[in-house]
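Student: Summarising the annotation, TrEMBL assigns domain 'ABC transmembrane type-1' to 97-311. Summarising the annotation, TrEMBL assigns transmembrane segment to 37-59, 101-122, 134-154, 184-206, 242-264, 293-312.
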Amino acid sequence: MRSDTDARAAGLASGEAVLTRRAPVKRRGGRAMPRSTLPWLLIVPSLLLALLIISYPVFNIVYQSLHEVSRFGTVRGFSGLDNFRAVFADPVFIGSLWRTVYWTACVVGGTVLISVPVALVLNQDFHGRGLARTIVMLPWSVSLTMTAVVWRWAFNDDYGMVNVTLQRLHLIGAPLHWLATPGLAFTAEILVGILVSIPFTVTILLGGLSSIPADIYEAAQIDGAGAWQRFRRLTLPLLRPFINMAILLNVIYVFNSFPIIWVMTQGGPDESTHILVTYLYELGFRLGHPGQAAAVSLIMLAILLLFSMIYLRIQPKHEEVA
């Protein structure tokens, strides 16, 4: 009886080994196609379509950046790197460049720091969880431009709800000129940028939390692990790929974010809140320098490509160490 049981177990084990063995994909002619080839065959059509859509705008931007272009888009002649020299000689561009780095770091960092605990709370099973998730996700359904308009009203000197609320709480004596003071204006825009980025980030993190099996938490609790130990040794390592994804997507999104800065201050006061994308818009459409605006857009593209390549290259090393 025992020999029959052992034989059946051995048969099942060998069957599972056969099933899990990765066999090459066979084609009609009988030749085996390597598995590494199939993903490329599936991806290539989308890549070709994306290249066709992107190639002309990129070529046009490169072309304009190397030529003198009039306010109305007429190409006058080859200028080489003159547009790039003019841009780098402009102190407003240098200030916008460093301000863009600061803006992106503050908004993305603040968003992730707030979104992680929010996602952990919304992942718990409690009464009214669906309503709480809806409230958190609701700002995502509103246009970013409309959100910026609402916050511009909220930070108004005379009748804005921010000043009124702070005065009623006796936190300030007189109304603050939020959008007319350089330091306060950029701080207010960073806070708005964090608030509008939270729903997207929480959605990504909730997807990651839902993929973590509950069994490992039960086993850790039986072993005596506390809440902080479970978070640090289980939740955070398993959630790290989703946090990395949220950081990368948010950097790309926030780096190119135009409505908040432009609607609230249009780069003012005194050019103190310009980031690269608003500086580009003003350069091309207000000051009438399309060639220089094209040069700025190429600089932005190079910065994002460099960041994405470095970030994606170093992330697997961190995950292996963890």
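Placed from the backbone N, Cα and C atoms, the Cβ positions cover glycine too.
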Student: Hey, does the transmembrane segment (134-154) touch the transmembrane segment (242-264), meaning at least 3 C-beta pairs closer than 8 angstroms, sequence gap 6 or more?
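Tutor: By the criterion, they touch.
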Student: For the transmembrane segment (134-154), which partner among 37-59, 101-122, 184-206, 293-312 gives the most CB pairs under 8 Å?
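Tutor: Result: 184-206.
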Student: Would you call the transmembrane segment (101-122) and the transmembrane segment (184-206) in contact, using three or more Cβ pairs under 8 Å, pairs 6 or more apart in sequence?
Tutor: yes
